[in-house]
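The block underneath contains the structure these notes are about, expressed in structure tokens.
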Amino acid sequence: MEVNNETMQKSKFGRICVFCGSSQGKKSSYQDAAVDLGNELVLRNIDLVYGGGSIGLMGLVSQAVHDGGRHVIGVIPKTLMPRELTGETVGEVRAVADMHQRKAEMARHSDAFIALPGGYGTLEELLEVITWAQLGIHDKPVGLLNVDGYYNSLLSFIDKAVEEGFISTNARQIIISAPTAKELVKKLEEYSPCHESVATKLCWEIERIDYSSED
């Protein structure tokens with residue numbers, strides 16, 4: 001994708017982390033959405049952080065961002081490299097020890113999070129950063145790219161949890177969803193946390209430092 005510098009829009013985000021499947025899914029709309037999201041990041045001058053794979057939706061979104069001239073950081077556990085890296089890689093690939101380190105590293109380098117359609121791994125990454133936001137570990141926006149209603153059932157489940165008193169009404173606002181990349185990124189730009197955190201980000205950072213110093 002060639003991008004005219006005059007059409008580029010300045011974003012408040014330097015990097016966005018994208019969670020998505022290592023499969024392409026059965027619908028071409030999922031694949032189109034991955035490419036559209038990559039192109040939207042390029043148009044807004046945003047770099048990509050993702051799971052490092054070159055297959056599935058991961059490969060499509062990373063290739064689109066790379067082809068548009070933006071920086072790509074892929075974070076992948078060493079044990080998954082033979083499975084999720086095929087052919088030529090794009091951008092910067094950072095090998096880590098395990099899945100926990102992968103998620104921490106992706107979060108550390110990102111200003112916001114977006115989940116494309118995906119499976120267990122995508123859901124686990126998504127729910128963890130939502131939980132981190134609720135706990136006050138970060139205040140970064142979290143978005144669902146709800147392609148063809150893929151996440152409708154998940155959103156209904158979360159609304160049920162609110163109805164039954166397991167998630168507060170304010171914490172429900174952590175999750176932002178939209179059907180298109182353009183609309184979703186715009187909503188993320190406008191996001192302002194309105195939920196009450198369990199602890200402040202500073203408290204979490206101090207606890208982490210103190211815990212590490214005991215080793």
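Each Cβ is built from the backbone N, Cα and C atoms, and glycine gets one as well.
Listed in Swiss-Prot:
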{"type": "BINDING", "residues": "E84, R102, K103, G119, Y120, G121, T122, L123, E124, E125, T131", "note": "substrate binding site"}
Any same-chain residues 6+ apart from E124 (substrate binding site) with CB under 8 Å of its CB? Would you list them in sequence order, or say none? none
Mind giving me a neighbour count for T122 (substrate binding site)? Other Cβ atoms within 10 Å of its Cβ, every protein chain shown. 20
Indicate the candidate from K103, Y120, T131 with the smallest number of other Cβ atoms within 10 Å of its Cβ, considering only these binding-site residues. Y120
